[in-house]
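A.B. asks: One structure, pasted below without further comment.
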Amino acid sequence: MSYYIAPRFLDKLAVHITKNFLNIPGVRVPLILGIHGRKGEGKTFQCELAFEKMGIEVTLISGGELESPDAGDPARLIRLRYRETAELIKVRGKMCVLMINDLDAGAGRFDEGTQYTVNTQLVNATLMNIADNPTDVQLPGSYDSNPIRRVPIIVTGNDFSTLYAPLIRDGRMEKFYWEPNRDDKVGIVGGIFAEDGLSQREIEQLVDTFPKQSIDFFSALRSRIYDIQIRDFIHKVGFERISLRVVNSLEAPPEFKKPDFSLAHLIESGNLVLGEQQRVDNSQLVDEYNRLNRGRGYQTAPPPEAPVIQPVNNSSHKQKTSNTHLSLETQEQIRQILSQGHKITFEHVDARRFRTGSWQSCGTLHIDAESDAISTLEACLVDYDGEYVRMVGIDPKGKRRVVETIIQRPNGKN
């Protein structure tokens, strides 16, 4: 099967890799090429095709390997794989690269709900150090005075803004945003269905029917066409015997005839796949289970009217109700923070964890409306009665905290 390589993707990758192996006087070449873009657009697969075309050997690291129960292991892994790749260049006498897939998933910080660990810091710092000193990469606990070969690093991800900003500066990382245009999509989808007898015009019609879908949608669509034959095969063998027939059988592997790859059938199946996508997008069940996502405007139905609470002659109830009444001073602080263009979040901690500073989010993050802030704080005071509750003002541009004010203490004072 002959797959399509987008010319501008191939050019970008080839230039970056080749430039790192050339000695150009007076030119500082970024060691890292960061390829980012929407999910499912074939960033990794296009890299694999380019490597194969150029005859380049690749050392792979997954974003999932960038975390470990032991502090320092991921940073050591990066250094070890880098040195191994440098040795490959020396021994094989050919271009080799180090590739890290989904870097943002392993070393990025998405929101306050994402844990920032020692390994996250060390991974960012290690990549920065390697980018600054690509021929002097040492393993912890040892030192080699001999310089090693320079190894280009290719990283992929969806959102590099979640990474440590100094890592992605231009001197260390060259960025390439991959968003295939219509011609690229037609070429790539044509490669996916190359053996299925679709004409160029039918490929274009298929792409134009689903213009907002990523590349992996069409790959999944081709796989789905075989579902009917596989279902019939399962029914023929029997659910009880299918495991033995497929995994542990002396019979020849099952063969399937070429299914119907007509344009009409592909569009029909594509609409079914699209329908499942929309069900996921519209369900938003995470709002019901994850406190961090509440109040972000994801509701699929209007919220119910608040019930009328009748007065109850109960001292504990009166005490809790009184705790939710915000003082004029607190309301004025909220207005001042928001008027400066900052956003607000609220955090809580019990008395035991207060000493260690282990604050946790009350729920909604980055509030920018006064009414939302007041209602969220009132709810937080009710939910965490008897704990410390504080208000945090955040500068969205600098992504830093500008105000931290304790609103409630365990003794009940606001």
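Backbone N, Cα and C atoms are what each Cβ position is placed from, and that goes for glycine too.
Keep in mind that what you see is a predicted model, and the values were worked out from it rather than measured.
Heads up, here are the entries from Swiss-Prot:
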type     : residues                                               : note
BINDING  : Gly37, Arg38, Lys39, Gly40, Glu41, Gly42, Lys43, Thr44 : ATP binding site
REGION   : 296-326                                                : region 'Disordered'
COMPBIAS : 311-326                                                : compositional bias 'Polar residues'
A.B. asks: Identify all same-chain residues not among Gly37, Arg38, Lys39, Gly40, Glu41, Gly42, Lys43, Thr44 whose C-beta atom falls within 8 angstroms of the centroid of the ATP site's C-beta atoms; report them in sequence order.
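C.D. replies: So the extra residues in range turn out to be Asn158, Trp178, Ser214, Ile215, Asp216.
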A.B. asks: So among the binding-site residues Arg38, Lys39, Lys43, who's got the most Cβ atoms within 10 Å?
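C.D. replies: By the 10 Å Cβ neighbour count, Lys43 comes out on top.
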A.B. asks: According to DSSP, folded down to helix, strand and coil, what is Thr44 (ATP binding site)?
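C.D. replies: In three-state terms, Thr44 (ATP binding site) counts as helix.
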A.B. asks: State the count of C-beta atoms found within 10 angstroms of the C-beta of Gly40 (ATP binding site), not counting that atom itself.
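C.D. replies: There are 15 such Cβ atoms around Gly40 (ATP binding site).
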A.B. asks: Go through Gly37, Glu41, Thr44, the listed binding-site residues, and name the one with the sparsest Cβ surroundings, counting other Cβ atoms within 10 Å.
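C.D. replies: Among the binding-site residues Gly37, Glu41, Thr44, the sparsest Cβ neighbourhood within 10 Å belongs to Thr44.
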A.B. asks: What is the Cβ neighbour count of Gly42 (ATP binding site) at a 10 Å cut-off, with all protein chains included?
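C.D. replies: Around the Cβ of Gly42 (ATP binding site), 24 other Cβ atoms lie within 10 Å.
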